[in-house]
Amino acid sequence: MAQLDTLDIVVLVVLLVGSVAYFTKGSYWAVPKDPYAAANSAMNGAAKTGKTRDIIQKMEETGKNCVIFYGSQTGTAEDYASRLAKEGSQRFGLKTMVADLEDYDYENLDKFPEDKIAFFVLATYGEGEPTDNAVEFYQFITGEDVAFESGASAEEKPLSSLKYVAFGLGNNTYEHYNAMVRHVDAALTKLGAQRIGTAGEGDDGAGTMEEDFLAWKEPMWAALSESMNLQEREAVYEPVFSVIEDESLSPEDDSVYLGEPTQGHLSGSPKGPYSAHNPYIAPIVESRELFTAKDRNCLHMEIGIAGSNLTYQTGDHIAIWPTNAGVEVDRFLEVFGIEKKRHTVINIKGLDVTAKVPIPTPTTYDAAVRFYMEICAPVSRQFVSSLVPFAPDEESKAEIVRLGNDKDYFHEKISNQCFNIAQALQNITSKPFSAVPFSLLIEGLNRLQPRYYSISSSSLVQKDKISITAVVESVRLPGASHIVKGVTTNYLLALKQKQNGDPSPDPHGLTYAITGPRNKYDGIHVPVHVRHSNFKLPSDPSKPIIMVGPGTGVAPFRGFIQERAALAESGKDVGPTILFFGCRNRNEDFLYKEEWKVYQEKLGDKLKIITAFSRETAKKVYVQHRLQEHADLVSDLLKQKATFYVCGDAANMAREVNLVLGQIIAKSRGLPAEKGEEMVKHMRSSGSYQEDVWS
């Protein structure tokens with residue numbers, strides 16, 4: 001009997017599973033995994049030593065009847081949880097608390113009181129996985145052998161006393177949309193819990209996350225009011241935090257945070273381990289421009305990690321902790337009437353024992369806005385509405401009311417323009433919104449989050465340096481009246497300009513406090529941490545690999561090829577290494593054009609780089625077109641158990657590549673197109689198709 005290759009086996013599996021699915025009406029289909037979001041969870045989430053991990057005890061001790069759990073990676077789910085808590089308290093009189101899922105244990109969830117309610121606000125991350133702070137909860141609640149204190153089995157419906165509400169944050173450009181909330185909802189229902197209202201789903205891929213959330217929550221509140229006999233009342237702003245100006249302190253006092261991320265950094269003695277809660281202040285060893293076009297920038301940076309105990313593996317991600325641009329800091333302070341007291345020291349405290357202060361304190365208005373608050377993000381309709389009571393005049397108030405009530409008008413005037421909160425208010429009136437409490441701004445805006453970049457170097461080749469490859473965002477969106485500028489990439493461009501001799505760097509007219517708080521980042525340093533990824537080379541270097549990475553999607557593949565070239569130089573057997581790379585023009589944005597020649601010499605005919613230049617001819621050519629042209633090569637390598645990698649844009653490129661690959665497999669095997677698509681799905685689940693994509 002002829003030996004079956006990997007895809008032959010997959011074909012048989014697909015046909016078998018298809019038959020099983022037909023006869024069992026799909027009951028044997030396992031839901032695979034789906035990526036959403038790529039960033040870190042809130043930095044103050046971990047429960048402090050000595051505090052209870054019993055959520056029921058915590059609710060009883062603090063007099064709460066509503067807990068809003070969140071699983072968040074970028075801060076959005078946490079923000080929605082906070083908004084639900086505030087609304088539940090102010091509109092319906094609920095005694096609410098927000099809870100990080102990793103702060104509690106769940107073995108006694110079967111004792112959750114019938115007169116209380118639990119919310120689950122859950123983002124999907126990675127390959128359909130829970131966010132970092134939700135892993136233990138997810139594994140527990142969806143486990144086949146889930147065990148509660150009562151000892152009741154799943155068949156005995158141990159969670160029959162639990163009433164819950166669920167909302168998920170997902171992205172429809174990925175294969176398994178909102179997998180996290182769907183899995184948890186199914187598990188809770190199976191265990192006997194009673195969901196109130198529908199399980200809401202927000203779609204970041206369609207750009208409708210905020211409107212999905214707003215559309216879901218009104219009928220949810222109606223259902224919850226009926227279930228718990230709640231009476232709606234006129235919502236009046238009740239601060240979660242107190243913000244007190246402290247005249248006894250000055251910015252020069254060493255107890256005042258001026259942008260330091262942690263107490264260790266404030267004291268001048270930061271220590272590892274470095275993580276999403278504690279960044280390493282890393283030196284930028286080298287920085288250079290990769291594009292030759294004058295109107296666009298793409299940066300190559302080498303970030304030093306020697307002596308830090310930070311480690312990485314080829315294919316991992318590095319997080320860059322950015323700083324807001326000076327012009328946006330000034331705009332924000334002016335709009336809210338606090339520009340003249342920007343250096344006043346403030347103390348921030350939670351007014352509720354369960355409230356976590358998201359900003360290190362004491363600090364100053366300037367430091368809070370520059371280093372800690374996400375002031376440049378597009379503003380939400382709900383947050384704009386919350387400013388109605390604080391409008392400077394009746395005309396402004398009427399405009400804010402209209403923006404809050406009319407989503408189409410809000411889309412035209414605010415969303416289409418990609419305005420942040422200060423820009424939106426400037427568009428309404430030139431008068432300052434001086435009456436807005438700073439506490440409301442802390443509550444309504446996310447913590448300034450790190451941004452993640454695929455590492456473009458090999459840890460085998462340079463273990464003490466991490467390379468990144470980043471396009472600087474500066475674009476005029478359709479319908480926008482201003483240029484939208486990337487928060488982190490322009491900050492990095494300023495650092496690059498400074499390192500390369502510019503005494504006054506101002507990328508795209510922006511300036512930054514690039515020496516950091518108290519000049520602690522002087523000498524060109526940047527706060528970073530490493531996030532490990534499953535996007536990895538085969539452990540056996542003789543295995544073939546196929547990589548598709550247009551634009552900066554080539555970043556991790558530079559690391560892959562760098563590593564294989566080093567292995568080949570050391571005498572190791574290296575398998576076929578195929579890269580499909582695309583850009584606009586070979587003379588403008590062909591990333592690492594000369595470097596590929598060096599690797600070609602080391603790898604010889606093992607390395608094949610297939611290019612697609614989209615703007616060199618009248619007909620645009622993309623990587624998916626080149627993939628089709630080289631269908632025989634791709635098919636042959638897949639038969640040799642090649643791993644297929646995609647990095648870059650999820651909404652268009654990755655989806656097209658996925659489709660083309662399915663067509664190639666189906667055609668080479670004489671199968672219907674839908675069977676080819678199913679085989680790509682099986683490649684995903686087996687790890688032979690890997691993605692590192694973003695939307």
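Positions of Cβ are set from backbone N, Cα and C atoms, glycine also.
Remember, predicted model here, so these are calculated numbers, not experimental data.
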Quiz item: Which residue of W596, W694 does Swiss-Prot report at the same FAD site as R451, Y452, Y453, S454, T469, A470, V471, G486, V487, T488, T489?
Solution: W694
Quiz item: Out of E260, E328, E656, which does Swiss-Prot tie to the same NADP(+) site as R296, T552, S614, R615, K620, V621, Y622, V623, Q624?
Solution: E656
Self-check item: Y622 (NADP(+) binding site): tally of other CB atoms within 10 A of its CB
Solution: 17
Quiz item: To which of the binding-site residues Y177, Y453 does the lowest count of other Cβ atoms within 10 Å belong?
Solution: Y177
Exercise. Mind looking up the mean pLDDT for the domain 'Flavodoxin-like' (66-221) in the predicted model?
Key: 93
Practice problem: List nothing but the one residue from A123, V471, V487 whose Cβ has the fewest other Cβ atoms within 10 Å; the candidates are the binding-site residues. | Solution: V471
Quiz item: Fewest other CB within 10 angstroms, which one of the binding-site residues S72, Q624?
Solution: Q624
